[in-house]
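Annotated features, as they stand in TrEMBL:
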- Glu81, Gly82, Thr83, Arg113, Gln127, Glu131, Arg258, Tyr262, Tyr263: L-histidine binding site (BINDING)
- 1-320: domain 'Aminoacyl-transfer RNA synthetases class-II family profile' (DOMAIN)
Amino acid sequence: MNFKVPRGTQDILPGESAKWQRVEEVIRELCRVYRYDEIRTPIFENTELFTRSVGETTDVVQKEMYTFTDRGDRSLTLRPEGTAGVVRAYVEHKMFGVPDQPVKLSYIGPMFRYERQQAGRYRQFVQFGVEAIGSADPAIDAEVIALAMDIYEKVGLTDIKLVLNSLGDKTTRDSHRSALIAHFEPSIHELCSDCQNRLHKNPLRILDCKKDHEHPLMATAPALPDYLTDEARAYFEEVKKYLDVLSIPYELDANLVRGLDYYNHTTFEIMSTASGFGAITTLCGGGRYDGLTSELGGPDAPGIGFALSIERLLLALEAEQKTLDLNNQLDVYIIAMDAAAKVKAVELTSTFRTKDIATEIDYVNRKMKAQMKAADRQHAKFVIILGETELQEQAATVKNMTTGEQQKVIFSELVTYLQSQL
Ligand code: HAM
């Protein structure tokens, strides 16, 4: 039997993982300056947490969750997204009580959705996300968006755009909902069974149906912005004002309703505009979810956040043919020509590593020439050769692999020499 990774998952192999680490470094550094502290929540949660928050009529809950019953007969679900768990933790640990609101949290980790596999769509993928909970200030909406944009800028992406919408408040949603029902009801039989089911339960979901999105009724559907209340409109104007202050350009899209139920007011997505990018162009999605904390049993605390997948970020870099600045080069490869030299090589390897010099030696008894080839393959910046003469003279032969220059350096000065050259 040949084993393969399960469909929709992937192994991140050496070489590729260096890119992940670099992206994670950029992200962690930005979280530090933006002040989003990391929170780590479980990979599985009680199923009801997701049906309550993400919403019963969403594709995620209806078709994509990995749900199982544990040995204690509890229904658990591998998290399809991070917001539900983070908001649960905010309520459970009474973070609404800490003096500094909003509480600004970040997370990174695997999420699971049973989706059809295609480029950029996996069944296990890694989301980085942030949640700012406890503020209804439009300036925090702009900050969250700015952080997402900064991540893409710092990794070197340029072909991206921000798309923005407002879903308004409860009054907005109620009047829009009635308009949607009136619009779709007479011809609902032309739409798929999911849409038919959603007509009265959650007509907004019809607008992001993956099957019927080309149907003519979609284009003529009542647009949310026409139903915004004065307060919701004013809030959205403020968000746009702050984005202008931060010089973040955006496009408005009245059809940006997002695929999860907890949103209201600001919603946004960041898309790749690179020509080589596949059919799925959304890199990042987020929005405001006032009311979610009380839905999950806590006091009312407004919140906003976003999530992006590292997989799609890396695909976007590839589409733009951008390379990351990786910090994974080998500094020194030590070649030992005989058994006595090997002992010295092991000792020097350890000394160099304590001085943060990335060092490698041979562990499969290769001849000198084969060790040299290995050093080349690993792009070593320096090669140190140790043989009988070197041991006698207490000095190593050091070859600079960039210039080809070779010179003798006495053992006690090797570290200082390498540090001055690297
Ligand atoms: P979402 O739009 O479902 O939102 O997912 C956010 C991002 O996760 C997407 O833009 C995409 O980059 C990535 N993503 C989603 N599904 C897949 C997949 N199957 N394969 C690869 N990447 C994927 C949320 O999850 C919300 N929790 C975001 C949020 C946080 N809203 C407020 N706070």
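Yeah, the Cβs are placed from backbone N, Cα and C, and that goes for glycine too.
The structure, with features from TrEMBL marked on it.
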residue	record	Cβ neighbours (10 Å)
Glu81	L-histidine binding site	20
Thr83	L-histidine binding site	28
Gln127	L-histidine binding site	22
Arg258	L-histidine binding site	20
Tyr263	L-histidine binding site	27
Item checked: Averaged pLDDT score, the domain 'Aminoacyl-transfer RNA synthetases class-II family profile' (1-320) -> 95
Notebook entry, point to check: What is the maximum Cα to Cα distance, in Å and rounded to a whole number, among the residues Glu81, Gly82, Thr83, Arg113, Gln127, Glu131, Arg258, Tyr262, Tyr263 annotated as binding L-histidine?
Noted result: 21
